[in-house]
Amino acid sequence: MEPVDPRLEPWKHPGSQPKTASNNCYCKRCCLHCQVCFTKKGLGISYGRKKRRQRRRAPQDSKTHQVSLSKQPASQPRGDPTGPKESKKKVERETETDPED
């Protein structure tokens, strides 16, 4: 390797930049022309800054939203409405009446 001038900034070192400038073309030839273009264009990986998304602000009338939630009917319990104790008794009765011997 050739010695690098220590006064040069690292991004200006020879070989630090691709020989041809990157462009916005996404054709196969441009996507595969160097490793940087392949990762950015071909694989879609970019490590740049991500823009912060603004969170949606709650409406000013937040109390009415709480009231509308309380008016909704309570969710129905799933499963056997009689309860788990009675269903166990049913299973016990069925096993007694069906002898497998």
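Backbone N, Cα and C atoms are what each Cβ position is placed from, and that goes for glycine too.
Per Swiss-Prot, the features are:
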- Cys25, Cys27, Cys30: Zn(2+) 2 binding site (BINDING)
- 1-12: compositional bias 'Basic and acidic residues' (COMPBIAS)
- 83-101: compositional bias 'Basic and acidic residues' (COMPBIAS)
- Lys71: ubiquitin cross-link (CROSSLNK)
- Lys28: N6-acetyllysine (MOD_RES)
- Lys50: N6-acetyllysine (MOD_RES)
- Lys51: N6-acetyllysine (MOD_RES)
- Arg52: asymmetric dimethylarginine (MOD_RES)
- Arg53: asymmetric dimethylarginine (MOD_RES)
- 1-48: region 'Transactivation' (REGION)
- 1-24: region 'Disordered' (REGION)
- 45-101: region 'Disordered' (REGION)
- Trp11: site 'Essential for Tat translocation through the endosomal membrane' (SITE)
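Features as recorded by Swiss-Prot, highlighted on the structure.
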residue	record	CB count, 10 Å
Trp11	site 'Essential for Tat translocation through the endosomal membrane'	7
Cys25	Zn(2+) 2 binding site	12
Cys27	Zn(2+) 2 binding site	10
Lys28	N6-acetyllysine	10
Cys30	Zn(2+) 2 binding site	17
Lys51	N6-acetyllysine	6
Arg52	asymmetric dimethylarginine	6
Arg53	asymmetric dimethylarginine	6
**Request:** Can you grab the distance from Cys27 (Zn(2+) 2 binding site) over to Trp11 (site 'Essential for Tat translocation through the endosomal membrane')? Cα atoms, rounded to a whole Å.
**Result:** 27
**Message:** When you rank Lys28, Cys30, Arg52, Arg53 by Cα distance to Trp11 (site 'Essential for Tat translocation through the endosomal membrane'), which of the recorded positions ends up on top as the closest?
**Reply:** Cys30
**Request:** Give the helix, strand or coil assignment DSSP yields for Trp11 (site 'Essential for Tat translocation through the endosomal membrane').
**Result:** helix
**Fill in**
The rounded CA-CA distance in Å from Lys28 (N6-acetyllysine) to Arg52 (asymmetric dimethylarginine) is 32
**Message:** When you rank Lys51, Arg52, Arg53 by Cα distance to Cys25 (Zn(2+) 2 binding site), which of the modified residues ends up on top as the closest?
**Reply:** Lys51
